[in-house]
Amino acid sequence: MSLALRGELVVDKTKRKKRRELSEEQKQEIKDAFELFDTDKDQAIDYHELKVAMRALGFDVKKADVLKILKDYDREATGKITFEDFNEVVTDWILERDPHEEILKAFKLFDDDDSGKISLRNLRRVARELGENMSDEELRAMIEEFDKDGDGEINQEEFIAIMTGDI
């Protein structure tokens, strides 16, 4: 599967054995989210900016979570946190993510019709959303390459194998 999503989610088994660290891409995503949602460009983010930045990074944060982060990290009582604090919080949260759970979330992004499988239609939609200009022939070839049970679609088990490199 040549879509960008695969590259972001492939689980590196050697890293799981060592202390996990963020990739350069993940570090850049954190920086970009902070800069994008620091709307007043004061090098700190408030409650609303923090909540939106966390959501942009894939976290479904509750009001209580955001308030706790602000309480724990707002040392100057400004109602805001700095990039350094944001980076510390988000890095911890990212490293606590379960890679298997992230793969299942990605599968659900493809399987928007809840069929339990990724069809040609699902794959075509995702490719289009990612700006990939791929023909149906190319998309079918991708499915065929990983479709171990030969049903013309990618089921959850096959998707997990793709994403973990257990093909």
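Cβ atoms are placed via backbone N, Cα and C, with glycine included.
In Swiss-Prot this protein carries:
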BINDING   D38, D40, D42, E49  Ca(2+) 1 binding site
BINDING   D147, D149, D151, E153, E158  Ca(2+) 2 binding site
DOMAIN    25-60  domain 'EF-hand 1'
DOMAIN    61-96  domain 'EF-hand 2'
DOMAIN    98-133  domain 'EF-hand 3'
DOMAIN    134-167  domain 'EF-hand 4'
MOD_RES   S135  phosphoserine
Env. residues of Ca(2+) 2 site, Cβ within 8 Å of mean position of D147, D149, D151, E153, E158 Cβ: K117, I143, F146, K148, G150, G152, I154, N155
Additional residues surrounding Ca(2+) 1, by Cβ distance to the D38, D40, D42, E49 centre under 8 Å: F37, T39, K41, Q43, A44, I45, D46, K80
Neighbour tally for S135 (phosphoserine), based on other Cβ positions within 10 Å of its Cβ: 10
Fewest-neighbour residue among binding-site residues, criterion Cβ within 10 Å, set D38, D40, E49, D147: D40
Other CB atoms within 10 A, centred on D151 (Ca(2+) 2 binding site): 11
Assigned conformation of D40 (Ca(2+) 1 binding site) - DSSP reduced to three states: coil
Spatially closest candidate among S135, D147, D149, D151, E153, the listed recorded positions, to D38 (Ca(2+) 1 binding site) (Cα to Cα): S135
Composition by DSSP (helix, strand, coil) of residues within the domain 'EF-hand 2' (61-96): 25 helix, 3 strand, 8 coil
DSSP-derived helix, strand and coil totals, residue by residue, for the domain 'EF-hand 4' (134-167): 20 helix, 2 strand, 12 coil
The domain 'EF-hand 3' (98-133): DSSP-derived helix, strand, coil residue counts: 22 helix, 2 strand, 12 coil
Nearest of the binding-site residues (D40, D42, D151, E153, E158) to S135 (phosphoserine), judged by Cα-Cα distance: E153
Neighbourhood of E158 (Ca(2+) 2 binding site) by C-beta distance under 8 A, where only residues 6 or more apart in the same chain count: F146, D147, K148, D149
Neighbour-count leader, CB within 10 A, binding-site residues: D149, E153: E153
